[in-house]
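S.K.: Dropping a structure here in structure tokens format, bear with me for questions.
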Amino acid sequence: MSNPPENMTRRRLLMAAPLAGAAIVGVGFWKMLSGMQHGSFNPHDINAPVLNRPVPDFSVPDQAPGQGFSAQDLRALTQPVLVNFFASWCIPCLAEMPTLMGLKDDLTMWGIAYKDRPENAAGFLKHSGNPFTRLGSDRDGRVGIDWGISGVPETFLIGPGGIIRWHSAAPLDVDTIRGTLVPLLESLKKS
Amino acid sequence: MMLRRLSALFLGCALLLAPVLVLAVDDPSEMLPNPQEEARAEAIGSQLRCLVCQNESIEDSSAGLARDLRRVVREHVAKGESNRQIMDWMVNRYGNFIRLSPPLSIGTLLLWSMPALALLLGLTTAFFAYRRRNAAPAAPPPLTAEEKARLADLTKD
């Protein structure tokens, strides 16, 4: 009361505090939602811990002769490879296959048949087309657990040196490939 | 007479089937032979989230992945690993999300202490507001010599 100008600035500051708070929250939400839209942020992604780590120790036996692979094969890579867990009993995998077939000329893909009989997996690939250059079989699902998958299809992008660069627990679609996968591959190529 | 015999037969069948029905819920071959180890495996499993039906523990869920994870837990228990080791093995693959009770971290600490913090903030605000309202109004500053002279001038008849 004794000095009104000081009182006024204090009052203004107090008025601005909630506005500033709301602005910060707004920017946070906007970043989160735009991340969700572009696929860079996924709150449902439950196995983020494998990201930017080397592939786990594993070995999948041949689904067809000479096609099985192991962690050593992935760690020896100099080019990125897409590893896809699929199963003949999985409807989303069937729906995903045309997308993978469209991608196979541009990106090497290795497949792991998850909890599937070899003859069923072979029949599935015969029917839908085979985008995979190597094919392993995870009959009891133990390799899947080491990779942290919770279902099929799940896809991992393995960068040079066998580092897991990206993961998707949903079937791949054209939007994800254009919006996330292609920019990621370009940045991997640069570095 | 016939009816009574039939109902007895029915009851007998039901009684015979009862244990089978109970066991069908969970495959007993999964259980460890050592009851102590089995109890430990169950305690660990009840702390692990089934990633398929996400609000159930792997001990409660009958999803394929939950069964696989139960088997993994039992293998590790049979190997003599500690609860901590098994939990770390799971977290390493699936992240903290697999733990039904989240660990203490800066984030969870802030979350859990938020009610207390909010209460503290409210009480502090209320305390200062109350004190300001009830504070005796400050004594007016003493009159300056000039004001005194003017007052004397005004009150003079």
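Heads up, the Cβ atoms here are built off N, Cα and C, so glycines get one too.
Curation does not apply to TrEMBL; its annotations are automatic.
Quick caveat, the model's predicted, so the values are computed rather than measured.
In case it helps, TrEMBL gives these features for our protein:
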- B:145-157: compositional bias 'Basic and acidic residues' (COMPBIAS)
- B:14-154: domain 'CcmH/CycL/Ccl2/NrfF N-terminal' (DOMAIN)
- B:137-157: region 'Disordered' (REGION)
- B:1-24: signal peptide (SIGNAL)
- B:109-130: transmembrane segment (TRANSMEM)
S.K.: Within the domain 'CcmH/CycL/Ccl2/NrfF N-terminal' (B:14-154) only, compute the mean pLDDT.
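M.R.: 86, rounded to a whole number.
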S.K.: When DSSP states are grouped into helix, strand and coil, how many residues of the compositional bias 'Basic and acidic residues' (B:145-157) land in each?
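M.R.: The composition, in the requested order, is 11 helix, 0 strand, 2 coil.
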